[in-house]
Amino acid sequence: MTTKQICFADRCFNFAFGEHVLESVESYIPRDEFDQYIMISDSGVPDSIVHYAAEYFGKLAPVHILRFQGGEEYKTLSTVTNLQERAIALGANRRTAIVAVGGGLTGNVAGVAAGMMFRGIALIHVPTTFLAASDSVLSIKQAVNLTSGKNLVGFYYPPRFVFADTRILSESPPRQVKAGMCELVKNMLILENDNKEFTEDDLNSANVYSPKQLETFINFCISAKMSVLSEDIYEKKKGLIFEYGHTIGHAIELAEQGGITHGEAIAVGMIYAAKIANRMNLMPEHDVSAHYWLLNKIGALQDIPLKSDPDSIFHYLIHDNKRGYIKLDEDNLGMILLSGVGKPAMYNQTLLTPVRKTLIKEVIREGL
C-alpha cells in the first residue's frame, strides 16, 4: 500500500492506494472527524463494492447510502439537487462527509454536491475504476453536463481523502481498465517520462493487470499530473496539457451517447489531434506512428464501435469547454496539440493552438 500527499498549492490531502486499502480508513480518518457519512454511488457500481466500503466507514460513524441512475445523461444539476435533498432529509450538516464510491461520473456528481452543500462539506473519493483512480481524482475540478456539452457547469473543490483499492480495480472488466490505460498513455505522450517504474513491455492489449501493477501505474499518473498541477491548480495554463485528446474526444463521447467509454473516445481524440498536428507541420510522422503504437499496445483502437457521423461530432465540438481561453475567429477552434512526443505545441505562450474547422472536419471524416 502506498500513501501520497497530494497538494494543489496549499490544498493538500492524502491519497492511499493499494490492496485492501479500505480496511485501513480508520488509520487515516480520526473517529470524531465526521458525525456521519453520506455515501453516493451510481447504479453502475456493484452493490458488493458499495457495501464493502460502507462496512469500513461504518466503523467510524453512521453511513447512509444514496444511489442515482448511471450514465452521462444523468450527470446533471437535477441529479445533484435530488441527492442534496435526500442528504438533508437524512440529517446532513456541516460535520457530514460525502463519500463518492464509483468512477468519474460518481466523483463529479458527488463533488458538485459536496461543494455546494452548506457552501462546502468534506468530500472523500473512493474510486472504483482505474480511470477515476489514475486521472479524475487527481484534479480538483468538479463539474456536471448541460445538454450542449460535457462539464460546462462546475467549480474547483478538493477532496479531504482519496482511497483506491487496487484489488477492486484489478477485478474490473478489461474494457473498463482499458479506459484508464488510455489516460495513462496520454500522460506518456504529453510529458517526458524518464522516471516511470514500468516499461512499454508491461502494457498489454488484454488489459489484465495485478493489483501491484495497477499501484505502480497509479503512482506514475500521480507523479505525471502533480509535476504540472502542483503549480497550476486550476488547469488553465500548463495544466491544459492534460486536456490533450479531449476536445474531439469529448465530442465523440457525447455523439456516441454512451456507446463507447471515455478512454476510447480520448484515444480516438488523441489520434485525430496527432494527425491534425502533422497536417499543420507541427508533428513529424514518426511521432504520429508513436501514438498508434502505444495505443495499440493497450488495444485502445481495436473494435471501437463508432457509429456517430462527423456532423454530429462537430455539433458537440463547437461547445467545447475550453472556448474563450484564447480569442479566435469563427473559422478556427482552439486545440491542445503536440509538436512531438513529450513536446506540447505552444501558440502565443499558450497551449491552445488555433485549428481551422475545415481541417478538423477533414480528419474526422477520414477516421482512424
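Each residue, glycine too, has its Cβ placed from N, Cα and C.
The following features are taken from Swiss-Prot:
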{"type": "ACT_SITE", "residues": "LYS141", "note": "active site"}
{"type": "ACT_SITE", "residues": "GLU243", "note": "active site"}
{"type": "BINDING", "residues": "ASP42, 72-75, 104-108, 128-129, 139-141, 150-151, GLN176", "note": "NAD(+) binding site"}
{"type": "BINDING", "residues": "GLU183, HIS246, HIS262", "note": "Co(2+) binding site"}
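Sequence features annotated in Swiss-Prot and their locations in the structure.
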residue : record              : DSSP (3 states)
ASP42   : NAD(+) binding site : strand
TYR74   : NAD(+) binding site : helix
LEU105  : NAD(+) binding site : helix
SER139  : NAD(+) binding site : coil
LYS150  : NAD(+) binding site : strand
GLU183  : Co(2+) binding site : helix
GLU243  : active site         : helix
HIS262  : Co(2+) binding site : helix
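Counting every protein chain shown, the Cβ of LEU105 (NAD(+) binding site) has 26 other Cβ atoms within 10 Å. A distance of 23 Å separates the Cα atom of ASP42 (NAD(+) binding site) from that of HIS246 (Co(2+) binding site). By the criterion of other Cβ atoms within 10 Å of the residue's own Cβ, the least surrounded of the binding-site residues ASN108, SER139 is SER139. Counting only the Cα atoms, the space from HIS246 (Co(2+) binding site) to SER139 (NAD(+) binding site) is about 15 angstrom. Each of LEU131, ASP135, ALA179, CYS182, LYS186, GLY245, GLY249, HIS250, GLY263, ALA265, ILE266, GLY269 belongs to the same chain as GLU183, HIS246, HIS262, is absent from that list, and has a C-beta within 8 angstroms of the C-beta centroid marking the Co(2+) site. Each of the recorded positions LYS141, LYS150, HIS246 was scored by the number of other CB atoms within 10 A of its CB, and the lowest score belongs to LYS141. When the Cα atoms are compared, LYS150 (NAD(+) binding site) and HIS262 (Co(2+) binding site) turn out to be 11 Å apart. Take the recorded positions GLU183, GLU243: by the count of other Cβ atoms within 10 Å of each Cβ, the lowest one is GLU243. The Cβ of TYR74 (NAD(+) binding site) has ASP42, PHE68, LEU105, VAL109 as same-chain neighbours under 8 Å, each 6 or more residues away in sequence.
Taking the Cα atom of each, HIS262 (Co(2+) binding site) and SER139 (NAD(+) binding site) are about 16 angstrom apart.
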